[in-house]
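Copied over from Swiss-Prot:
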BINDING   C191, C194, C197, C230  [4Fe-4S] cluster 1 binding site
BINDING   C201, C220, C223, C226  [4Fe-4S] cluster 2 binding site
DOMAIN    182-210  domain '4Fe-4S ferredoxin-type 1'
DOMAIN    211-241  domain '4Fe-4S ferredoxin-type 2'
Amino acid sequence: MVKIAHIHMSGCTGCLISLTDTYEKLLDILGSVELVYALTLTGEKTEITETDDKILIERDIPGGIDIALVEGSVCLDDHHSMDDILTTRKNSKKSLVALGACAASGGVTRFRRVGQMSQPSHASFVPIGDVIKVDLALPGCPPSTESIVKLLTAALEGDMEYLEPFAEIAKYGKDACGCDVIKEVINKSLCMGCGTCAAACQVNAIDMVEAKPNINSEFCIKCGICSAQCPRVRFPEIIRKLE
């Protein structure tokens, strides 16, 4: 039986909530796999040490994981986070999935400049691909329930044709947060005005003005959905290869 684990890093748990919102479809998936680790869902064994200034949580991440779903970014200031993400990569035999914007491209955690209570020393966050090799990345804040189910189903069935775009997104990490749409498409006049980015944006940060996208930086949360949906975001790279 396929072993699946959900590893929670620095995130809001929104991606896991999106996964559990699938209800019957989630039950179908869980009926065909073995959920070996999911701290939030199953209350896995942890060792908690509390001191005057911090709370330390030691997680027992099992080995032999077939599909690891990693939610949240990595805190570079926390050696426990670093240990957990390295252990997850070592214990994942097949696919490691960056689930959601924080894991895939850094998301809103990249806006952090100083630490906050209750962990004031935690100030530096990066997407997990900056630390380990990521096989698949599913952007969104959070990803839609349907997209999570389809990705998991394809991974279980070994549908590499369906998974290929997610493997491609995983290669770009923080560059695929939506900034690449501005830099590689809009600024280079490659946009064809299809409006797919505006339709996909989860926070309505993109307006179509005279058939061209106008991105409101005050609303944008760097979720990467527009990058994943844009049909021309990789055109400049293809052109460079041809040249």
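Note that Cβ sites are derived from N, Cα and C of the backbone, with glycine treated the same way.
On a Cα basis, C194 ([4Fe-4S] cluster 1 binding site) lies 14 Å away from C201 ([4Fe-4S] cluster 2 binding site). Remote same-chain residues near the domain '4Fe-4S ferredoxin-type 1' (182-210) are listed as 140-141, 216-217, 219-221, 223, 225-226, 228-237 (criterion: CB distance under 8 Å, separation of at least six residues from the stretch ends). Reduced to three states, the DSSP call for C191 ([4Fe-4S] cluster 1 binding site) is coil. The Cα of C194 ([4Fe-4S] cluster 1 binding site) lies closest to that of C226, out of the binding-site residues C220, C223, C226.
For the [4Fe-4S] cluster 1 site, the Cβ centre of C191, C194, C197, C230 serves as reference, and the other residues of the chain with Cβ at most 8 Å from it are V181, V185, M192, G193, G195, T196, A198, P213, C226, Q229, P231, R232, V233. When the binding-site residues C220, C223, C226 are compared by Cα distance to C197 ([4Fe-4S] cluster 1 binding site), the shortest distance belongs to C226. In the domain '4Fe-4S ferredoxin-type 2' (211-241), helix, strand and coil residues by DSSP number 12 helix, 4 strand, 15 coil.
Other than the site residues C201, C220, C223, C226, same-chain residues with C-beta atoms no more than 8 angstroms from the centre of those residues' C-beta atoms, the [4Fe-4S] cluster 2 site, are G178, C197, A200, Q202, V203, A205, I206, I215, I221, K222, G224, I225. Put simply, C191 ([4Fe-4S] cluster 1 binding site) is 12 Å from C226 ([4Fe-4S] cluster 2 binding site) when counted between their Cα atoms. Between C230 ([4Fe-4S] cluster 1 binding site) and C223 ([4Fe-4S] cluster 2 binding site), the C-alpha separation comes to 13 Å. Cα separation, C223 ([4Fe-4S] cluster 2 binding site) to C191 ([4Fe-4S] cluster 1 binding site), rounded: 20 Å. Taking Cβ-Cβ distances under 8 Å and a sequence gap of 6 or more within the same chain, the neighbours of C191 ([4Fe-4S] cluster 1 binding site) are V185, K212, P213, R232. Look at the domain '4Fe-4S ferredoxin-type 1' (182-210): DSSP puts its residues at 10 helix, 4 strand, 15 coil.
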